[in-house]
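So TrEMBL has the following annotated:
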| type | residues | note |
| --- | --- | --- |
| BINDING | Asp21, Leu22, Asn23, Arg36, His59, Leu60, Gly61, Arg62, Arg118, Arg155 | substrate binding site |
| BINDING | Lys205, Gly296, Glu327, Gly353, Gly354, Asp355, Ser356 | ATP binding site |
Amino acid sequence: MAMRTIDDLDVAGKRVLVRADLNVPLKDGAITDDGRIRASVPTIEKLRAKGAKVIVSAHLGRPKGEVKPEFSLAPVAARLGELLGTEVAFATDTVGDSARATVDGLAGGGVALLENLRFEAGETSKDDAERGAFADELAALAEVYVGDGFGAVHRKHASVYDVPQRLPHAAGGLIATEVAVLKKLTEDVARPYAVVLGGSKVSDKLGVIDNLLGKADRILIGGGMVFTFLKAQGHEVGNSLLEEDQLGTVREYLRRAEENGVEFVLPVDIVAATAFAADADHDVVAADAIPADRLGLDIGPESGKLFASRLAGAKTVFWNGPMGVFEMEPYSHGTRAVAQGLIDSGAFTVVGGGDSAAAVRTLGFDESAFSHISTGGGASLEYLEGKTLPGLQALED
Ligand SMILES: Nc1ncnc2c1ncn2[C@@H]1O[C@H](COP(=O)(O)OP(=O)(O)O)[C@@H](O)[C@H]1O
Ligand SMILES: O=C(OP(=O)(O)O)[C@H](O)COP(=O)(O)O
């Protein structure tokens, strides 16, 4: 079904709630990559130009319904203001007195940012009534809703799914662009089609493999995903990230891959450290010989070469999830090798995910070297799986 765009809405002088994805990486309170904020600017600018009173809402991290100052969106409001070249009024709560007063103070063309949606338990609640009650409060702040947080459209959350059901709504430009590119990957994908998976949201993303086994020709596994596979093969993984309850599922994936002729590529070496720290002792060890008192924080150099060689013949590559803890220099080399492997492959390359996109930029790669950098990791994976995404479903007429 079709989604309305901003051009289909009358927004002049109206209060427009924009659900953006401003979930950016922070270090010591400072934004280390503002890609998602920059990606949200065009839709906000367009609404301002049409005279809307723009109320931006977003989440940061996973504070789980509690007010945690380290997850405040205040630094994001400041950066958004710099990028827009205008003051962004920051509400110190999400739907309370501050939010109402901030919204009341907006003139046409003005911009406000509400505090972290996930400070409110209703935002992420699985209980429809609790989520709905919070959605009522959010919707009461506005007259029109614009969904533009592509990175969060796979979440059945109040601001993503329930609010658009309560207000006239449309999709913002970012969602429209993301969907257009990803649609190509679901329709006529050029083969061989390789998918690289890594990162730390292992339980979220392992399930994606189930569906990819029928779609991809090659699946390369790095990052925090690796250790559930290594353990499933009977190897020691020390203190590495592990989804113990998924071992059976992973064994099944490996068996089906063989049956379906899908090539699974696992690392052959791992950078194993004594602690989750840049200055911890660390060594390259064989993937099947991780010492019991260590944890794997990156794929090793031989794995980097192996992965690049398996990307070399691909015509399409989708990559989500860094290969290691790239934020710390000693564990950034695997991610660098895979990024370079994508570029050298000459394939149609899509990089998806907040941290994956941030990794590409902070490691100094030119964004234009990739065919598309998506702001959503889990969202793009679930889109490629063919799943119904709540945030897209809710925007359909
Ligand atoms: N071996 C590992 N152990 C722990 N964390 C890891 C490991 N490899 C990668 N990571 C972390 O994964 C995070 C990104 O994961 P994720 O959120 O799933 O990716 P994206 O945001 O691109 O979808 C990064 O912060 C990175 O430090
Ligand atoms: O960072 C995000 O997703 P991603 O890491 O899959 O790209 C989105 O902001 C969604 O965040 P969530 O996975 O905490 O719901």
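Including glycine, each Cβ sits where the backbone N, Cα and C put it.
Tell me about the setting of these features in this model.
Mapped onto three states, the DSSP output places Arg118 (substrate binding site) in helix.
Other C-beta atoms found within 10 angstroms of the C-beta of Gly354 (ATP binding site) number 22, with every protein chain shown included.
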Considering each pair of residues in Lys205, Gly296, Glu327, Gly353, Gly354, Asp355, Ser356, all listed as binding ATP, report the largest CA to CA distance in Å, no decimals.
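For the residues that bind ATP, the greatest Cα distance is 22 Å.
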Filtering Asp21, Arg118, Lys205, Glu327, Gly354 (binding-site residues) by proximity to ligand 2: which pass a Cβ cutoff of under 6 Å to any of its atoms?
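What lies within reach of ligand 2, judged by Cβ under 6 Å, is Asp21, Gly354.
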Which value in Å gives the longest Cα to Cα span across the substrate site residues Asp21, Leu22, Asn23, Arg36, His59, Leu60, Gly61, Arg62, Arg118, Arg155 as recorded?
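Max Cα-Cα spread across the substrate binders: 18 Å.
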Please report the distance from the Cα of Gly296 (ATP binding site) to the Cα of Gly61 (substrate binding site), rounded to the nearest angstrom.
23
Cβ within 8 angstroms of the Cβ centroid of Asp21, Leu22, Asn23, Arg36, His59, Leu60, Gly61, Arg62, Arg118, Arg155: which residues besides those meet this for the substrate site?
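The surrounding set, listed in chain order, is Ala58, Asn116, Leu117, Gly151, Ala152.
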